Structures are given as structure tokens and as C-alpha cells.
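Engineer: For reference, the structure I am asking about is given below.
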């Protein structure tokens, strides 16, 4: 138990320090970009007080927009104050699933940049089954979610098959597949099969009530059953990687593909099956977004979930549990960023700056170790793939 806690502490040390540095630098940017703070630069003490106040107000607004806002409890309902936390979870849910998609690929020696396209195809499949068919409650949800996962698994499997059979690099393949998916959804929403009757803008009919994920906290909250799907997927990925033979093969190929091949492991099979599972995970993210939050397919359904997933997987060290916490962090940043902008005037783009700084420090662990004098951990496996160069 003690050793496990020590390992856990070592594992979260660098991400935690990266998080601290990112927010510290973001605070400096907030301070020096505030005209009221700059106006007091001639008085060092007043300048410092003003800077701390500006940063404190911004981060307080970020907290109120992502965790708890006492201003929402004026009607006497304590739980209503947790509405921001529910929004954080709603935003984090698809991020968990897409983050797991990227993390699993990392473990297998692959870099899945295609989560965005897989997310889109998952949303398309779930949307079609959700509005086109009239099925009983429960069965309809399962059918729509399965359709989303299946469509995205096929989309991801194409990348895996091309890499396995031709040696084409998965980064190039997934980037191109993202473009195809982005234009495909623009086209399909103009077809009679998907365009909502009476509308000329690209939006599909709403999914039926029987296909919608159950709400967990009443109609005043968007919090839905999707979070349990995401947590179940994280548990599945952990089980797959640590408790199954095929998971061992995934990790073996990720550590050293040539050695795995020599040991009798079918590398093409591992690559193809990995990308199919990664696609299914990202597709579930798209399905959850349609069935639990948006209820209708539109051109902006994917947002930046697929691209943010790369950052989430990196911050989570490609571990299922770490990915869950990283997704919750990013969900909080997105949810709180809107409140921060409306309350303090700090641009929403500052959230993107924070995300970029987190990625920067995560990608440069030697720099973080140097700043904080942290000793390098002894580890037998790296985060990213050995096969980055093909």
C-alpha cells in the first residue's frame, strides 16, 4: 500500500507542477494585460496589490463557473450552487472518452490524432439511429450508442488497416481522415436523410425521447448518464491493458514492435484492433454528446473535443485514471472560462493559453525537473510510442 502511494505521488508530481506553472504564468498574463494594474506600476506596493486582486478575481470567477457558485443559491437551494460543477462534468464526459482513445493508442505505440473525425462519425451514427428508429427506452439508447461506436470503430479501423498493410504513418492518415470527416458531416446534413424538415440550416432532427440519456439531477441540470458510460470506458481500458492477453500484446508492441514481432505477436493485428477500439471510444464520445447534451446533430457537434483529447491524454500520462482527472480539469477550464469572461472581462482565450502552457510543460519534463529540482523517476515504459518515427 505504501509503495503504491509513493508511486502514485511520483506519477502526479510532474503533471501537478506543470499545472502549477501554467496557472502561475497565466496569472502573470492576466495581471500585465489589465490596464488598471498597469496604471499603478509607478507604485510597487499598489501595483502588487492590484495585480493580486485582478488574478484573484479571475480565478475566483473560474471557480464559480466550474465548481460552485453561491449566487445561484438565492432561492434557498444549496444544491443549485453546484450547477457549474454539473456543467464541468457534462463537458468532461466526451473528453474522457476521446482522451481514452488517444491514451490507448499511446500505449500501443501509435499516435491517434484522428479522435476528432472518429467523434464525428460516432455522433452521426448515434444521431441517425436516435431519430430514425422508434424503439423502446433502454434498447434505443443502447442501439444508438452502439451505432456510434461501430461507425467510429470502422473509421478508426481504416487507419489501422492502412498502417498495418502499407506502413503509412498514422499521424498523416488520421489528419487526412479528420478532414474527410469534417467535410462529410457538412455534406450529410444537407441530404434529405439528415436535414430537419422545415429547416435550411445544416441540423438533423432531434433524437427521440427514448434515445436520450437519462438526466441525473432533474431538468434544471444537463448532467446525464453519460458520465457513467465514460467512467465505465475508463475501467474497461484499464482492465484491457492490465488484465488481458490482448492488452499485454498492445503494450508489448507499444514498447518495442520489433521485439514483439520476434516473440510471435501479430503487429498488424495489434495496430488494426487498437485503432478500431480507439475509434469506438471516441465514437462513444460523439454518441454521448448527441444523446446526452445536444440532442441533434449539427456541424459544430465535435467542437474541439478530439483535439483537446491529445492534451488530456498527455496530462493524464496515458493512464485511464489520469485521463479522467485531466478531462475533469479541462472541463472545469471550459466551463469556468465563460464565467471568468463575463464577470471580470478576462478573455475566454486565456483558457486556451492555460491549456497550451500545460501541454508545453508536460512535453518538457526536463525543464520542470530543473526548475523544481525534481529527480527523474526510474521507469521502464515511456508515455509516448517508440514507433513515433514509423
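Yeah, the Cβs are placed from backbone N, Cα and C, and that goes for glycine too.
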Engineer: Give the range, chosen from 12-33, 298-319, that TrEMBL lists as transmembrane segment.
Structural biologist: 12-33
Engineer: Looking at the candidate ranges 204-222, 223-241, report the one that TrEMBL labels transmembrane segment.
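Structural biologist: Among 204-222, 223-241, the range TrEMBL annotates as transmembrane segment is 223-241.
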Engineer: Look over the recorded stretches 12-33, 45-68, 113-131, 137-159, 262-288 and say which has the most C-beta pairs under 8 A to the transmembrane segment (171-189).
Structural biologist: 113-131
Engineer: Can you see whether the transmembrane segment (113-131) and the transmembrane segment (350-372) are touching - at least 3 CB pairs under 8 angstroms, only pairs 6 or more apart in sequence?
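Structural biologist: No; fewer than 3 Cβ pairs under 8 Å.
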